Structure formats: C-alpha cells, structure tokens
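The following features are taken from TrEMBL:
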- 366-377: compositional bias 'Basic and acidic residues' (COMPBIAS)
- 1-90: domain 'ABC transmembrane type-1' (DOMAIN)
- 158-380: domain 'ABC transporter' (DOMAIN)
- 480-593: domain 'ABC transmembrane type-1' (DOMAIN)
- 358-377: region 'Disordered' (REGION)
- 27-53: transmembrane segment (TRANSMEM)
- 476-503: transmembrane segment (TRANSMEM)
- 518-544: transmembrane segment (TRANSMEM)
Amino acid sequence: MAAWEDNFRASINSSRTKELSILRKSFVFRALMMAFFAAIPSLVAVAAIAHYALTNGKIEAAILFSALQGFGSLRFPLLMYPMALQGLVDARVSQLRLAKFMALDENKRITPEKLDDDYDGTVIKIEDGEFFWSDPNRIDEDLQAKNGDTKNNTSVVFPNEDGAVLDLERTIPTLEDINLTVDRGELVAIIGTVGSGKSSLLSAILGELHQSQGSTTIHGKISYCAQSAWILNMTLRDNIIFGREFDEDRYWKVIQVCQLEHDLETLQDGDQTVIGERGINLSGGQAQRVSVARAAYSDSDTVILDDPLSALDPEVAGRLFEDCIVAFMRDRTRIMVTNQLNFLPKCDHVIALSGGSESANDNADEGNKSNDKGTDYVHARVPGTIGEQGRYSQLLRSGLDFAALMEKFHGSDKYSEENEQNDGDVTVQGNIVVSKEQAAAKKDMRSHRLMQVEERAKGAVKLDEYGAYIKSGGGWCFFVFVLSVLILRQALNIGGTVIVSVWSDDSDYQNLSLQTYLILYGGSAAALSFVAFLESVVFLVFGLRAAKSLHENLLNGILRAPMSFFDTTPTGRIVSRFNKDIFAVDNELPRFF
C-alpha cells in the first residue's frame with residue numbers, strides 16, 4: 001500500500017477514538033438507566049412493606065409474598081423500558097434521515113418513448129439545452145450563505161496567505177446552447193479538447209444532468225458504456241449478458257466482434273471465469289472490451305460509448321471499431337466520444353465541442369501574462385457548447401474552427417499513438433497486458449477461483465469464540481470479577497427474599513424488632529440497587545474493551561494483509577466487517593453477552 005499503512009491506521013484510529021468516546025458516554029447513561037429501573041421494584045417493595053408494617057404491625061406471609069410477586073412482575077417491563085427508548089430514538093433518527101432524503105427536489109427525468117421497428121426518424125433531440133451538474137438555484141443559495149453574493153456568473157481568482165490560488169465559482173452551466181439532432185441508425189462521433197464537456201454531453205442525454213432550459217426528447221432504449229469500464233464480481237459471461245436471456249449465437253458473435261476470443265483462452269475458466277470486483281484480473285483493454293460487449297449484446301435502440309477505444313492499442317481498436325461499432329451495431333444508433341481522429345471519416349455525423357475548463361485555463365494564462373504578479377485577475381469559466389457539427393468531409397472544407405481543432409488534436413495524438421505503440425510491445429494478441437510467463441501461469445490456475453468464498457460458522461458458538469471475546473474484554477481476571485458481581489447481585493436478590501420470609505414467620509417480633517427488619521430489608525434493597533449499577537458498568541466496560549481490541553485486531557489484519565487478499569476479497573465484504581459486525585460488537589454484545 002505504498003507504505004501508507006501507518007497513516008491510514010492513525011486516521012482510522014483517530015475516528016475510532018472519537019466514536020469510542022461517544023460510545024462510552026452512552027454506556028454510562030445506559031448503565032444508570034438499567035440500574036435505576038432494576039432498583040425500582042425493590043425500592044417500591046421496601047416502601048410498601050414498611051408502610052404496611054408501620055400501620056398494621058403484623059405481616060402475614062400470604063399478603064407479603066403476594067405483594068412481592070406483584071412488585072416483581074414490574075421488573076421485566078422496567079428493564080425493557082430503556083431498550084424501548086433507545087429503539088424509539090434510533091427510529092426517530094432514521095425517520096429524519098429518510099425525510100430529508102425524500103424531501104429533496106426531483107431532477108427532471110427524461111423518459112424514453114417506445115420505438116417502433118419501422119421508425120426511422122429522430123431518436124435524440126435537444127433544443128436550446130442548458131445543463132448543470134447540480135441545481136443552480138440550490139448552488140446560488142449555498143454560495144450566498146457562504147459568500148453573501150451570487151450575482152455574477154464568474155469565478156473570482158485570488159491568492160491566499162500561502163500564495164495558493166483560490167477559485168470561487170459561481171453558477172456556471174456545464175453545457176449551454178446545445179442543439180442536437182440524431183437520427184436512427186446514425187454513427188455520431190463527439191470530439192473536443194480536454195474539459196470541453198464530451199462526457200457531460202453524454203450524461204445530459206442520459207438525463208444525469210440538471211436541465212435548466214430547453215427541451216430533450218429521447219426515443220427508444222439506451223445502453224451506456226462508460227469511459228472507465230464497469231465490471232461486476234461475476235463471470236465474464238454474466239458481465240456481458242447482464243441478466244438477459246442467453247442467446248448463444250448472438251453471444252459468441254459479440255465475443256468475436258469485440259476481439260475477446262483469444263482472451264477466453266488465457267482466462268482460468270474461459271467465459272465462466274469470475275473476473276473479480278472492478279475486473280481486477282483483467283487488463284484495462286480487456287475490461288473495456290467486456291464493457292463494450294455488454295452494450296453490443298443488449299437489445300437497446302441507442303448505444304452511448306464514452307471513449308471506448310482509448311484503452312486499446314491501435315490494431316485492436318481498429319478491429320473493434322470496424323467489426324463491432326460499424327458493422328455489428330449498424331442497425332442501432334451509436335453515439336461515441338473519441339480522441340482517435342482516424343475513425344471520423346467512417347462516422348455519419350461529427351460534433352466538435354468547444355469551451356469548458358481548458359478555455360478557462362487559457363483565459364487564466366492570458367491574465368497571468370498581462371500581469372507581472374500573476375495574482376490580480378478575474379476570469380470566467382466557459383461552459384461547454386457545440387462549436388461545429390456535420391459530416392467529417394463538410395467540416396474539413398468549411399469549418400475553420402474544426403480545422404484548427406484537428407491541428408491541435410494531431411499534436412496530442414502523435415504522443416498518444418507513440419504511447420499506445422509502446423504499450424503494444426508488452427501485449428499479447430487481444431491487448432492482454434501480461435507476459436508469456438504470466439499467461440502460462442494463468443493457464444496452470446484453471447482449477448482455482450479468483451474470489452474466495454467467505455467462511456461462515458453455523459450452529460452453536462464454540463468455546464474458543466467465547467474465550468477470544470473474554471480475552472479481548474480484559475482477560476480472565478476481569479471476567480472473573482464480572483462474574484463475581486453477577487453472583488453478588490443474585491445473592492442480594494435472594495437475601496432480600498430470605499429476610500422477608502424470616503420476617504413473615506416472626507410476625508410477633510420475638511426475634512427482631514420491626515425497625516431491625518425494616519433496616520435489613522431496606523439495606524438489602526439499597527445494596528441490590530448499587531450492585532445492579534455496578535453490574536451494568538462492569539459489563540459495559542467489558543464490552544467497550546472488547547470492542548476496542550477487536551477493532552484494532554481487525555484493522556491490523558486488513559492493513560497487514562497481502563495484496564492477494566484484496567484481489568480475492570470483495571470490498572463490500574471488508575466494509576461489512578467494519579460496519580455491521582463492529583456495530584454488533586459495540587452495541588449488541590455488551591447487552592446480551
């Protein structure tokens with residue numbers, strides 16, 4: 001972990017210390033509540049019996065034990081009362097969180113209309129669209145609360161005391177003046193410089209951005225392939241078919257056009273290989289081709305691809321583009337962000353975006369040049385917009401801005417292609433970024449699964465588990481003390497009953513006086529109340545020690561685990577241990593152990 005273990009441990013322990021401090025306070029309050037409600041029946045019984053004895057003098061056994069039985073029946077409801085209060089508080093907190101979430105404003109959802117088979121018109125249309133990543137009204141309110149002014153749609157840039165530049169952004173749209181029409185079956189390429197809004201435009205089509213102006217119309221179902229491949233902890237086949245009905249002919253055709261045939265030979269169990277969380281045993285190119293294959297296998301009318309060829313070497317990228325995107329999906333609408341300009345002539349429509357963060361940086365550079373100190377300037381963050389669009393050949397002839405963009409792209413593409421060629425030197429056919437030795441080792445591992453099945457114990461808890469918990473809670477000596485307090489409480493409880501029994505037999509007070517019996521019974525009740533409080537405290541202290549120790553052991557085990565552990569263990573499983581299980585150790589075991 002790049003020698004960051006100590007830093008992570010310090011950060012986690014700092015948060016854990018604060019959590020344990022709050023937990024300790026809640027334990028003390030819980031101990032007081034439990035002791036108080038446990039002592040109420042005894043104290044009420046003492047008061048009632050004393051009043052009866054002082055007013056009537058003689059105590060009959062039938063009346064006395066009936067009264068004790070009645071007071072004893074109050075013990076369990078009163079012991080459960082603190083737990084009920086805690087449950088109500090937890091329910092109230094959950095209800096407030098849910099209410100806050102449910103009260104959030106709904107984003108305007110774009111509901112795709114059903115597309116008939118013979119429909120050949122427009123499938124995506126955006127008119128005068130203006131899009132924000134967040135609700136601009138809410139951003140204005142937040143900025144006004146912090147800065148007191150949101151009138152200007154500019155970014156005020158100034159240095160702080162350390163010389164670092166601060167950028168206070170106002171409500172600038174991510175995209176503006178978006179007018180886009182895509183017909184069914186078209187292959188549309190979206191290009192632009194870094195930060196110009198290419199991925200944002202795809203998100204706008206998907207309905208993930210807040211639209212403040214204009215209208216958006218979508219026809220048909222959409223499948224989406226993200227720039228970073230999204231892989232589930234399932235087999236390669238399940239990642240591709242994605243819950244749909246398995247069509248063998250279509251499936252193997254998709255494998256072929258996505259250049260995955262050779263990869264299946266090197267995977268442990270072919271297409272039945274569990275490829276792991278986030279595709280950890282796949283190269284970047286393999287994971288990206290699996291993601292494209294999922295979109296190709298789907299039955300969607302429109303396929304949105306966010307730079308799907310960037311992780312592939314030029315040869316594989318060219319074959320995937322020709323065989324899959326152009327040929328296999330020719331009857332579907334395809335919208336593709338790309339930086340590979342050699343694919344543009346094959347596209348029906350090219351959209352060149354301009355603006356975005358790069359334009360803002362250019363403005364900032366100009367401000368720096370115009371000011372010797374480079375600190376006193378104001379610039380506007382330019383929203384992304386469609387600069388030019390049309391067929392590739394038309395844009396080359398008539399689009400001056402497009403020609404300049406192409407010239408700018410060619411400079412960056414040269415470097416990109418050199419890197420891709422260098423990467424290709426260490427790849428095997430199909431963009432498998434492993435050496436021949438590693439590939440051979442993979443073949444020897446066909447009988448092994450990547451993801452390890454979580455070990456679970458069923459049935460009665462073993463004595464070793466009790467022993468481990470006792471050691472974590474303070475050791476056997478402290479546990480013996482806890483048991484002693486528990487035995488003492490039961491002894492005092494029985495002692496009070498014995499005193500009442502002797503008292504009822506000595507109704508004429510021949511052995512002891514009334515005052516003596518009252519003192520003995522009242523003293524036993526007071527002692528029982530104190531020991532009940534002590535019992536609650538020692539049990540909760542025992543649980544707090546165990547919680548701290550078990551968390552430290554778990555954290556140390558995770559930080560010292562080899563990288564192979566993280567390759568074979570889903571992140572959700574680790575989070576569950578630190579979340580659900582530690583919660584049980586903190587709150588449930590101290591009460592029920």
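Note that Cβ sites are derived from N, Cα and C of the backbone, with glycine treated the same way.
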**Request:** Would you mind splitting the domain 'ABC transmembrane type-1' (1-90) into helix, strand and coil residue counts from DSSP?
**Result:** 80 helix, 0 strand, 10 coil
**Prompt:** Under the DSSP assignment, what numbers of helix, strand and coil residues are found in the domain 'ABC transmembrane type-1' (480-593)?
**Reply:** 100 helix, 0 strand, 14 coil
**Message:** Please compute the mean pLDDT of the model over the domain 'ABC transporter' (158-380).
**Reply:** 80
